[in-house]
Amino acid sequence: MRRAVIVLPTYNETGAIEQVINGIVDSTRDIKTWDIHMVIVDSNSQDKTQEKVEKLMKKIPRLQLLRVEKEGLGKAYIHGFNFAIEKLNPYLIFEMDADLSHNPKKIPEFLKKIEEGADFVIGSRYIKGGSIPKDWGLHRKIFSVGANFVIRFGFMKLKITDWTSGFRAIKTWIIKQSIPTIKNYSGYVFQVAILDYAVKHKAHITELPIEFKDRIYGKSKINSLQYALQTFAYVLFNSSFIKFVIVGLIGFVIDFGISYLFIEKFKSAIWLGTVISTESAIISNFFLNNFWSFSHKKLDHKLSSYIPNFLKFNLVSSGSILIQTLGVQLAVNFFGKQFWYVYKIIIIFFIVIPYSYIFYNKFVWKEK
Ligand code: GDD
Ligand code: MN
């Protein structure tokens, strides 16, 4: 029988913890195909959380308590994951809040998704059937919806709607592999980091609608502003798409600088200056993209991989140049040449960038 461990981080959850644990016991009682355990990871709660868990442990043998320092939600989860892996060797690990915001009745649905082949199941508040509390304050709604918007578009992974959800079922192999990478994210942003890791390592990810209920007991430990800033920084430093746009800007500077140098300073023929500058920018873009933007799927380090892909890269890049040239010309023919730079910017943003991003992903840095 496969084992699943539900990891529940707690900090001052004395009001809810018994109901949460009993709720999990009730809603998993009829499951015969999984061996389900619970690990409470408590960061030195000042209330009676630990005593309540210890009392319940006497009658629930599959319940354990891990005491850790208060170092943030991410760190608490990492401790819980390591403990579960060492002590229980599970096939599957759950993340779940211990304040009754997550309905334990959903657990069998997560297991079903795993049985159907998923590696990573997200309890999502933003797909059809899911919800956030109606009475959430406006600022909390804006932070949550806004953060998910920034992440989805920053990563250009529109299919996943809830990146920050804390109700998830994740196969242990993903957690084991990702710990060295994500262990540095001590706060709530670790949720984004582990999911990003799973996406980049080809995990099969699915979403399940959940209704997130506002807590009745105790209070939230989230610092929304800090979370939003950390999320923003995470996306900025980890998004292939944003890196790819930055590489494009660097390429533009190189292209412009070299053509200026050749044409103005060396008095070379314009065509020669243009060829040299364009190709220099293409070469720099190719290597920066390979080792930075798409580093998680960089090309095999051999000529037989570099040469054909470099040629394909040139082809796609020539396409960008062609689209820009023709597009600007066409716009100028229609609307006059006064605002040519506006047309150029619009074409770059809405056609060239999506076009080249999609083609680089499809033809040069393919999924392995
Ligand atoms: N051990 C430990 N240490 N537990 C913690 C800590 C900590 O430093 N901080 C929070 N927790 C526990 C809480 O006791 C609760 O069981 C759970 O983690 C979630 O914390 P809340 O403070 O209730 O978070 P929230 O409801 O505001 O945030 C929810 O939404 C976020 C995204 O919008 C959670 O589901 C988050 O996981 C999620 O990222
Ligand atoms: Mn909560």
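Note: Cβ is positioned from N, Cα and C throughout, glycine not excepted.
Positions annotated as domain 'Glycosyltransferase 2-like' by TrEMBL: 6-175. Annotation comment: TrEMBL describes 243-365 as domain 'GtrA/DPMS transmembrane'. Taken from TrEMBL, the feature transmembrane segment applies to 241-263, 269-292, 313-335, 341-360.
Mapped onto DSSP classes, the domain 'GtrA/DPMS transmembrane' (243-365) shows 108 helix, 0 strand, 15 coil. Within its own chain, the transmembrane segment (341-360) is flanked in space by residues 156, 241, 244-245, 248, 289, 294, 313, 316-317, 319-320, 323-324, 327-328, 331-332, 335, which lie at least six positions past its ends and keep a Cβ under 8 Å from the stretch. When pLDDT values are averaged over the domain 'Glycosyltransferase 2-like' (6-175), the model yields 94.
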